[in-house]
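J.: Structure incoming, see below.
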Ligand SMILES: CC(=O)CC(=O)SCCNC(=O)CCNC(=O)[C@H](O)C(C)(C)COP(=O)(O)OP(=O)(O)OC[C@H]1O[C@@H](n2cnc3c(N)ncnc32)[C@H](O)[C@@H]1OP(=O)(O)O
Ligand SMILES: NC(=O)C1=CN([C@@H]2O[C@H](COP(=O)(O)OP(=O)(O)OC[C@H]3O[C@@H](n4cnc5c(N)ncnc54)[C@H](O)[C@@H]3O)[C@@H](O)[C@H]2O)C=CC1
């Protein structure tokens, strides 16, 4: 516990008593991240509405949640498969879906966005949500790389806007980065922090700087692996084995890039490179650009650096 207290302390006094208790959650974007967050929120007793652009996408999202819940239940209820099935059904009952945020935003305590990593698209979404959601509703973004301040600027609730950055795969990864902008109120920060804990996650506090903590360190490392390979200094297979067996990473950088999504990797590095073109850590990779142009976005499309069945 001392660990959390140390990391999440902020420079002003706490007013947790007035923070919003988050129970009803709308999650926009039912992809890898949104579906994972919806699953964990529903598993911990929250009422979740998952929003995406079509019924077909949402069907896939719910199927993915069900598949992941089966993996969780298999372990959690190893001795009692019936209790595992009951758990799955109970969690699924907490999840509903919609193609229009207007269906749920008016009754939500939190609207969390996990859509495509594009500033304009995120701003448009939040601008619209701002008119739909009541005053107490907190907005948060799961962005990997964009400034929360810039996303929040399309709303009139900068004090009730923060970052809540989860990690892939959400049901397995314990960390959540909680980001307060200079305009985020202490109550909002406390609410987001308490929500992260209610999900069973370990929150850390981050400044609103590009990539927060993890991605600012991890993405340049992953890009450096690509550049090393492009220079002909190692095969992707050897680089992956080397980083797993020599540095203790659970996945090598090529496996992890495929897992994250090559489109997301490209959005991140292009955005940073545009802002800081002279920084060699943010230099683009021709190989990454080529794969994205070919629609090979990694595990989610069946092929990236590697092929998946
Ligand atoms: C880009 C950003 O903004 C930020 C990011 O997210 S960066 C990416 C951060 N994520 C990482 O670095 C992930 C690194 N990888 C890992 O930690 C691990 O490889 C992993 C947890 C993903 C998988 O673990 P593994 O031991 O390598 O593989 P695997 O055998 O498939 O999984 C082990 C168990 O984990 C569990 N598991 C894995 N993925 C799961 C999921 N999506 N849902 C539920 N359970 C899951 C299962 O219990 C699984 O056992 P079963 O196969 O019997 O179901
Ligand atoms: N992939 C990763 O490892 C991580 C990604 N993130 C961030 O989370 C966000 C989502 O990433 P992923 O889930 O990986 O992407 P994804 O491509 O799997 O899913 C994105 C989903 O958003 C939907 N969408 C796009 N625009 C929309 C809109 N206007 N309204 C409703 N739905 C919309 C798409 O249909 C898609 O289902 C991005 O901002 C990304 O940077 C954060 C942490 C980890």
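Residue numbering: from 1, along the chain as shown.
Cβ from N, Cα, C; glycine included.
Residues annotated as domain '3-hydroxyacyl-CoA dehydrogenase NAD binding' in TrEMBL: 24-209. Feature annotation from TrEMBL assigns NAD(+) binding site to 29, 30, 31, 32, 33, 34, 52, 117, 122, 144, 168, 300. According to TrEMBL, the feature CoA binding site maps to 68, 75, 144. What TrEMBL lists as site 'Important for catalytic activity' is 165. Positions annotated as domain '3-hydroxyacyl-CoA dehydrogenase C-terminal' by TrEMBL: 211-308.
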J.: Among all protein chains shown, how many Cβ atoms are found within 10 Å of the Cβ of residue 165 (site 'Important for catalytic activity'), not counting that one?
T.: 26
J.: Have a look at the binding-site residues 68, 122, 144 and say which one has the shortest Cα distance to residue 165 (site 'Important for catalytic activity').
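T.: Closest recorded candidate to residue 165 (site 'Important for catalytic activity') by Cα: 144.
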J.: Can you tell me how many other Cβ atoms are located within 10 Å of the Cβ belonging to residue 29 (NAD(+) binding site)?
T.: 24
J.: Suppose we screen the binding-site residues 29, 33, 52, 68, 122, 144 by Cβ distance to ligand 1 with a cut-off under 6 Å; which survive, in sequence order?
T.: 68, 144
J.: Of the binding-site residues 68, 75, 122, which ones put their CB under 6 Å from ligand 2?
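T.: Not one meets the Cβ criterion.
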J.: At a 10 Å cut-off from the C-beta of residue 75 (CoA binding site), count the other C-beta atoms across all protein chains.
T.: 8
J.: Hey, how far is residue 29 (NAD(+) binding site) from residue 144 (CoA binding site), Cα to Cα, in Å?
T.: 14
J.: For residue 75 (CoA binding site), which of the listed binding-site residues (31, 33, 52, 122, 168) have their CA atom within 10 A of its CA?
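T.: Within 10 Å Cα-Cα: none.
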J.: Looking at the binding-site residues 68, 144, 168, which sits with the largest number of other Cβ atoms within 10 Å of its Cβ?
T.: 144
J.: DSSP secondary structure for residue 144 (CoA binding site), reduced to helix/strand/coil, please.
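T.: In the DSSP reduction, residue 144 (CoA binding site) maps to coil.
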J.: Using a 10 Å cut-off, grab the number of neighbouring Cβ atoms around the Cβ of residue 33 (NAD(+) binding site), all chains included.
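T.: Step by step: centre on the Cβ of residue 33 (NAD(+) binding site), count other Cβ atoms within 10 Å, giving 25.
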J.: Across the listed CoA-binding residues, 68, 75, 144, what is the farthest Cα to Cα distance, given in whole Å?
T.: 30
J.: Between residue 31 (NAD(+) binding site) and residue 68 (CoA binding site), find the distance joining the two CA atoms and give it rounded to the nearest Å.
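T.: Residue 31 (NAD(+) binding site) and residue 68 (CoA binding site) have their Cα atoms 13 Å apart.
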J.: Taking the Cβ of residue 31 (NAD(+) binding site) as the centre, how many other Cβ atoms fall within a 10 Å radius?
T.: 18
J.: Any idea of the Cα spread of the NAD(+) site, 29, 30, 31, 32, 33, 34, 52, 117, 122, 144, 168, 300, as a max distance in Å?
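T.: Binding-site diameter by Cα atoms for NAD(+): 21 Å.
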